[in-house]
């Protein structure tokens, strides 16, 4: 910006000094504009021999200036308009702001559509996109233990907050469902309008307040739009059908009825007046076992929940984005030790729950022995000498399975078919409960892990041993040994913009903070 000012002849040189000397003579706008032009011509050497190229941006044709200015970030254009009147005039060209809207926010709307609504690209950029840029990205709503996943995106001439809902239980491989909860747009050059999308009576007035960095809240101003003529009973049936894909007649288990009714009552008390906290897509590294990201998984009577898989050296963490009254959102539901691979027996032995249990408990016992040895050495005040200590556990030599390709890696056929060397046959042991029997019948790798279980209200939480099973790039599973239960996780295919963490430290801090949001 300082360079632009110097090129224009209105920087901290003779132009500015002369202008300061005239301050006592009054402020005539037309006279000031003429003086700006005179100063630029003087400093460009108008009386001298015509230079080979312009020494001032003001001598460039307007269309060239429009092209130059449209390449600058929109946040810099406000200061550029203060340099001189010619710049101020050129910056009223909507072409500049159309390019900024497209390049910075992906808005590709036709200008004719804008003209019909009486809104300029400058208005869209300044009053909508720039003003609400801080709420774009991924967020977790504060809904007690239930959490959620909100994605705020620019959609045409709107900013829309989409709530992601898992597919109906137990169809974990189906696509996510999306539900709009609010939208922001411009109406006839006025300020941006915020509307609540909750309920079945159409958009209605709402407010958005940016509480602090990485946190904002919404407040519906017309909650009567959320009510239905049939009262709470009709609202409950509608919510049950739309959000869970169920009817009252489908639910026979009394405990499940209680869980569903409890969730409905809890959600209704907020009336779409919620606080949201920013979350990030997990960072990826070439050595990761599979690409990190968001998955939906089966959690018994609690239905399908959204989780986030992330890698931290030789540890993989599965964190709940949505939760339940036992283990709330934000908690680390599964932790996998990638230095503890487990070789599965043949299918016949794998069907025996005791055999699989022995494999897992043997690894747990080894971990406890190593931990006791480390503790004893610390108590004795001596380090582990190289001749006395057991060999340190090394990470799995290759976290990504070898020769991984699109054809040979996802063999779900019968055990009679010949499988690539890195693929093992898999079947659930007898007695292990699964919400979805359509799980893969082959896997790539297995590791020892622990799962978090707790009583109602997150009481008496404890980590219990289990088996992490990598099926393919988009699916993994976990056997909860103590619960005799199996969870299947399938990758969310959705693409998320503006969701990357600014740094690895910021992501780690977010993970730590998430655990305190719901406890």
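Note that Cβ sites are derived from N, Cα and C of the backbone, with glycine treated the same way.
Residue ranges 369-424, 425-480 are listed, and Swiss-Prot annotates 369-424 among them as region 'Disordered'. For the domain 'F-box' (54-100), residue counts in helix, strand and coil come to 31 helix, 0 strand, 16 coil, using DSSP. Those same-chain residues not listed among 196, 204, 220, 226 yet with C-beta within 8 angstroms of the centroid of the Zn(2+) site C-beta atoms are 197, 198, 199, 205, 206, 221, 222, 223, 225, 271, 272. Counting every protein chain shown, the number of other Cβ atoms lying within 10 Å of the Cβ of residue 226 (Zn(2+) binding site) is 17.
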